[in-house]
Amino acid sequence: MPSLNLKPSSTSSPHPKITTQNMALKVLSALDTAKTQYYHFKAIIIAGMGLFTDAYDLFCIPPIMIFLGRIYYDKNPSDTSPGTTPPSIVSVSVTIALLGTVVGQLVFGRLGDKVGRRKVYGLALMFMVLSSIGCGFSICRTRKCVLTSLCLFRFLLGVGIGGDYPLSATIMSEFANKRTRGSFIAAVFSMQGFGILTSSAVTMIVCSIFDRASKATDKIKVPPDEADIAWRLILMFGAVPAAMTCYWRMMMPETARYTALVEQNLRQAVMDVGRVLDVPEEEIKGEFDLLPRPPSYGLFSKPFLRNHGRDLLSCSLSWFLVDIIFYSNTLFQSQIYHNFLKPPMHVDVYRHAFNVAKLQAIIALCSTVPGYFATVFFIDRYGRVKIQMLGFFAMAICLFAIGIPYSKFWDHGANAGFLILYGLTFFFANFGPNTTTFIVPAELFPARFRSTCHGIAGAAGKVGAIIGSVGFLWASQARSSTDDDDDVKPGHHHKGMWMTMGLVILGGISLLGMVVTYLFARETRGRSLEENEITNIEDDYRDEENGFGLFSYLSRSVNRLRAFTL
């Protein structure tokens, strides 16, 4: 198949007008204009299972830590409260999975561009399925052994989840039409909401079954032996939805955009589109279609940084900032539970975990899930940049409103206003940067680098999540030098000025995210993915003459910020 050489000749204009229409392949144009069909919804479910598993794993940890604390941490004989998992162990269990996610996003993201999306998609799923089962089968029943093996399998689970992020977003973006592409990718990401709800539902069902079946006489002081099975079942159930989609992932064809633009196999691309979409053959098969030449430069080369450095910086920095906030905010739930739940010394392990899962489900139903759906509905109406800026700004307002008077709220219990503000932070995280940072990297880069760049941006985000998790642990455990130990209630930690400082810092990070979005983010609404293949060629010509690139853009962004503030 001949290639289209877009380098200008000596007799042509130095800046030829290169448009999407000049170089469009009919098969790719057909994808951009295809009507919404059954396969699009099928692809949402198949691609969304990795995000489902991610949320299931994150939100089942609080109840699991309750089980582990009661079973493996002996309480002080002089203390009437049951055993609890130390906050450091909770933080390690979250962080180790996030480290695995960073590895998975970088490795699988690169493999997705080098060997193909489809070839490694099933491998990421198998990592998730097998490691979820492994978490439940954590070796032996001693505390050290259980925690060590649990962390090992959670790391491997993180690798699988991380690998799924760039592959799912890239596959969905390359199958979608440009009119509703944002909604489709947001729908994939919204599977996290169903993962949260399923995590809570499974925890409540398992706890109820084991509670009714238990014949122990004093379950509050001594957890029944079968409780050691209950938490394992909760973890292993996370593998079921992912395993159910394994067959369909294996049967998915390679995306036509990768086949045509990276593998340069137009005939196979036409055949693959015909397999999944109901499109007349004459609309996707062109006798004289010419394949655009893929970029000749490599990842992180000077031409790459000139053309895509700004976009990669914007995506990575935005994702980094929002994950600091989102993961800190998620762990913050543990600080408000005891205001609405019975004291641990009055309930058994099953009822305690049941109540925590129920509260998580209520928060998700009232704030998190509506935020996902709002993004699905509005993303292609108002664009990514506006929604991302709105989300950062609204989160900042809510975090300041919670953090500045935090001690007053806490001393009198978390009232309705407190809970509404806290719920709004989740709503605007998901109707905002938590979702848009997943969408935009799948739309900004050429097919040859798309999965890799999404993985880099996502890895930056998970580094932010690690910082948020560790930082929250510090803020929630730190005590003011003026506080006496007698002022701290048994089982609680000081939540005064350090939590106020932590929440105000998160509000400041939100404002920084809004500024980064304003300065660097590029709108992708209604933009064909093939424009990424064209602009890198046009920009090469401009850059050679004008020096346009990442650093010159940084300079112009500073001037833009100064004009905005004056």
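Glycine is no exception: its Cβ is also placed from the backbone N, Cα and C atoms.
TrEMBL labels come from automatic prediction, so no person has curated them.
What TrEMBL records for 43-525 is domain 'Major facilitator superfamily (MFS) profile'. Note on the domain 'Major facilitator superfamily (MFS) profile' (43-525): mean pLDDT across this stretch is 85.
Per TrEMBL, transmembrane segment is recorded for 43-68 (among others).
Listed by sequence, the residues of this chain that lie at least six past the ends of the transmembrane segment (88-108) yet keep a Cβ under 8 A from its Cβ atoms are 54, 57-58, 61, 65, 68, 120, 123-124, 127, 147, 150-151, 154-167, 327, 331, 334, 451, 454-456, 458-459, 462-463, 465-466, 469-470, 473. What TrEMBL lists as transmembrane segment is 88-108 (among others).
The transmembrane segment feature in TrEMBL is assigned to 120-139 (among others).
Annotated transmembrane segment per TrEMBL: 145-163 (among others), in sequence order. Proximity of distant same-chain residues to the transmembrane segment (145-163), defined by a Cβ-Cβ separation under 8 Å and at least 6 residues beyond the stretch ends, is recorded for 50, 53-54, 57, 68, 72, 89, 92-93, 96-109, 120, 123-132, 134-135, 138-139, 455, 458-459, 462.
Among the features that TrEMBL reports, transmembrane segment is placed at 184-209 (among others).
Remote same-chain residues near the transmembrane segment (229-248) are listed as 42, 45-46, 49-50, 52-53, 56-57, 60, 63-64, 67-68, 71, 122, 125-126, 128-130, 132-133, 135-138, 198-199, 202-203, 206-207, 210, 350 (criterion: CB distance under 8 Å, separation of at least six residues from the stretch ends). Residues annotated as transmembrane segment in TrEMBL: 229-248 (among others).
What TrEMBL records for 312-332 (among others) is transmembrane segment.
Remote same-chain residues near the transmembrane segment (352-378) are listed as 59, 62-63, 66-67, 70, 82, 183, 186-187, 189-190, 192-193, 196-197, 199-201, 203-204, 207-208, 211, 333, 337, 340-342, 344, 387, 422-432, 434-436 (criterion: CB distance under 8 Å, separation of at least six residues from the stretch ends). What TrEMBL lists as transmembrane segment is 352-378 (among others).
The feature transmembrane segment is assigned by TrEMBL to 390-407 (among others).
Marked as transmembrane segment by TrEMBL: 413-432 (among others).
Only residues 6 or more beyond the boundaries of the transmembrane segment (453-476), in the same chain, are considered here, and those with a CB under 8 A from a CB of the stretch are 87-88, 90-91, 94-95, 98-99, 101-102, 105-110, 112, 162, 165-166, 169-170, 308, 311-312, 315-317, 319-328, 331-332, 335, 437-438, 441-442, 444-445, 493, 495, 498-499, 501-502. Annotated transmembrane segment per TrEMBL: 453-476 (among others), in sequence order.
Annotation comment: TrEMBL describes 496-521 (among others) as transmembrane segment.
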